[in-house]
């Protein structure tokens, strides 16, 4: 158990030990993180200040951007700093906290994506009852349930991490703490824990992905009964959601549904869903959504006008 561990800190080997490549990674991660913050915080500010974006879809998009911001923040700042260090270390407690927050906000993003799919299903398949079913109270309760579910999932990860005995090697062959790299350092048989990991994280990723794809297939089939303009608008929104789902779930399923084996490409794939996806989501939702773009333009014009009056 945790109190019997001889290891008090871990060494993060990161993506490379080459000094020149580490400087390149510093610049790349810093650029990606600043882009993630700018894009997601801009969406959050736009939705909060725009009366035109008051529908449930934008209510959920607000929380998706919030989870993306927090999800990236659990990894990127430390990775940026570590890329400047000759040897990056992380204490046992900090490692456990990172495991919790990473899985919490990652799972929250999964649940928010499911809620967004449910919202699109009701809006397209039951348009006459949309505002009755997806009222603000119901949406608030659904988001609260998503937060609680994410917390439960993360607590399971912490329980699994704390049950691992560490008594020797402390070099994590990764750029952040996660259960799979930690399993390789445990000085006991980890077969059952790995099985629990697959049945927890792996099942959440796989089942959620299948649910989402089935729901969007049903939605797209129902568009045949809509007008050409209605089909175009609904299709544009759904395609944005589907792109985000594939970009996020593809790498997650590859990482978390395997037995206790690692591949050299794992760290690169982890970059994609931990840093790349939070950066791409704002671009996907804004470039394909005229309402969000118009609201951002109005927000920017208000900012310019207020600056001119000062």
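Glycine is no exception: its Cβ is also placed from the backbone N, Cα and C atoms.
The domain 'G-protein coupled receptors family 1 profile' annotation in TrEMBL covers 39-285.
For 24-45 (among others), the entry in TrEMBL reads transmembrane segment.
What TrEMBL lists as transmembrane segment is 57-76 (among others).
Within its own chain, the transmembrane segment (96-118) is flanked in space by residues 57, 60-61, 63-64, 67-68, 70-71, 74-75, 78, 90, 139, 142-143, 145-147, 149-151, 153-155, 157-158, 161-162, 176-179, 182, 201, 204-205, 208, 211-212, 215-216, 219, 241, 244-245, 248-249, 252, 274, which lie at least six positions past its ends and keep a Cβ under 8 Å from the stretch. Per TrEMBL, transmembrane segment is recorded for 96-118 (among others).
The transmembrane segment annotation in TrEMBL covers 138-160 (among others).
Among the features that TrEMBL reports, transmembrane segment is placed at 201-223 (among others). Residues 103, 107, 110-111, 113-114, 117-118, 120-121, 124-125, 153, 157, 179, 230-231, 234-235, 238, 241-242, 245, 249, 252-253, 256-258 of the same chain sit 6 or more residues outside the transmembrane segment (201-223) yet have a Cβ under 8 Å from a Cβ within it.
According to TrEMBL, the feature transmembrane segment maps to 235-256 (among others).
Under the heading transmembrane segment, TrEMBL lists 268-287 (among others).
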Recorded stretch that, among 24-45, 138-160, 268-287, has the most CB pairs under 8 Å to the transmembrane segment (57-76): 24-45
